[in-house]
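According to Swiss-Prot, the protein carries these features:
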- H298: active site (ACT_SITE)
- C22-C162: disulfide bond (DISULFID)
- C270-C350: disulfide bond (DISULFID)
- C311-C330: disulfide bond (DISULFID)
- N89: N-linked glycosylation site (CARBOHYD)
- N215: N-linked glycosylation site (CARBOHYD)
- N269: N-linked glycosylation site (CARBOHYD)
- N293: N-linked glycosylation site (CARBOHYD)
- 1-19: signal peptide (SIGNAL)
Amino acid sequence: MAAPSSLLLAALLWVPAEALSCYGDSGRPVDWFVVYKLPANSGSGDKPWKGLMYKYMDQNSEGWQDGVGHIDSKDGAVGLTLQPLYQKNSSQLAFLLYNDQPPKSSSAQDSSSRGHTKGVLLLDQEGGFWLVHSVPRFPSPASSGAYSWPPNARTYGQTLLCVSLPFSQFPGIGKQLTYTYPLVYDHKLEGIFAQKLPDLEEVTKGHHVLREPWNSSVILTSRAGTTFQSFAKFGKFGDDLYSGWLAAALGTNLQVQFWPNSPGILPSNCSGTHKILDVTETGFPGPSGPTFNATEDHSKWCVAPEGPWVCVGDMNRNKRETHRGGGTLCTQVPALWKAFRSLVKACKPC
């Protein structure tokens, strides 16, 4: 009886080599990963690689680790994950690439009327992944044929969160994107995908939610059973994502890292039940750090100082973005919360 049981267990644990999934720095499929691209002026390193170094973690790592190479390598986590997008045998795949600052190689133009939101969906009929990120001009369209890192994205810090998901979770993501109103600059959603994912098809046509409520949250379950919660708002929501909704929804104070170099920055807010503090300095653990100011960091994330929530997304805290779509993806994974909580070195008081 032992042999059949062993075979059954192996079948349940086996992941096909070509399964669409987030891929880690190890070169193997992972349930989720976070890549934190470091600012060019932080830490040490040879000049040619300035702005291409990154920190990495997934469900198997013990906190932050140095990236295995450089962010522009096709052999690192981000390059491996996006590789199927650029392969010729992608006829059975569906994908959406969206960015309010699309690559120059695409025909799309920057649009302040669309959501301030950036991401990648890549899937087949079994599932795929959602990559939520902060990187302008990224990634290059599928027709480019190869993964690359945009030169404009070397200077400042950036975050990328990838989650592997079964197909059943993509209708929920489609709903969320009708709220965030993304600028889709490249996509393929044909046949069975268009039939089963009608909201995503509407998104590719530039459609969005037409009636209240102007915000939406959806629970998503990763391929390995990790729970994430997506928060999305349309422009007519008319308020800051963090102080106007997220803190109350999560029931916690928040420390928020965002791009502070744009006009109309919203100050730290202690007027409500929960405090929203703007992060001013970020530092990685260890003697080499590095530590850097928020003015050098284009990433968008927040953490509950007392736990257990951490969120990675694509929205800043400024007046303009109170009237734009966007969102964030949150989780209560203890290791991920601990990793981000340790990054906060200073906040602007109320």
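Cβ coordinates are placed from backbone N, Cα and C, and glycine is handled just like the others.
Sequence features, as recorded in Swiss-Prot, placed on the structure.
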| residue | record | DSSP (3 states) |
| --- | --- | --- |
| C22 | disulfide bond | strand |
| C162 | disulfide bond | strand |
| N215 | N-linked glycosylation site | strand |
| N269 | N-linked glycosylation site | strand |
| N293 | N-linked glycosylation site | strand |
| H298 | active site | coil |
| C311 | disulfide bond | strand |
| C330 | disulfide bond | strand |
| C350 | disulfide bond | coil |
Residue from C22, N269, C270, H298, C330 whose C-alpha is spatially nearest that of N215 (N-linked glycosylation site), among the recorded positions: C330
Cα proximity to H298 (active site), best match among recorded positions N269, C330, C350: C330
Pairwise Cα distance for N269 (N-linked glycosylation site)/N293 (N-linked glycosylation site) [Å, integer]: 20
Lowest local Cβ density among N215, N269, N293, which the record lists as glycosylation sites, within 10 Å: N293
Alpha-carbon spacing, C311 (disulfide bond) to C162 (disulfide bond), which is rounded to whole Å: 12
Distance, C162 (disulfide bond) to C330 (disulfide bond) (CA atoms, angstrom): 12
Spatially closest candidate among C270, N293, C350, the listed recorded positions, to C22 (disulfide bond) (Cα to Cα): N293
Tertiary neighbours of C350 (disulfide bond) (same chain, Cβ under 8 Å, six or more apart): P267, S268, N269, C270, S271, K275, L277
Residue pair C162 (disulfide bond), N293 (N-linked glycosylation site) - Cα distance, angstrom, rounded: 25
Least buried by Cβ count (within 10 Å) of the disulfide-bonded residues C22, C162, C270, C311, C330: C270
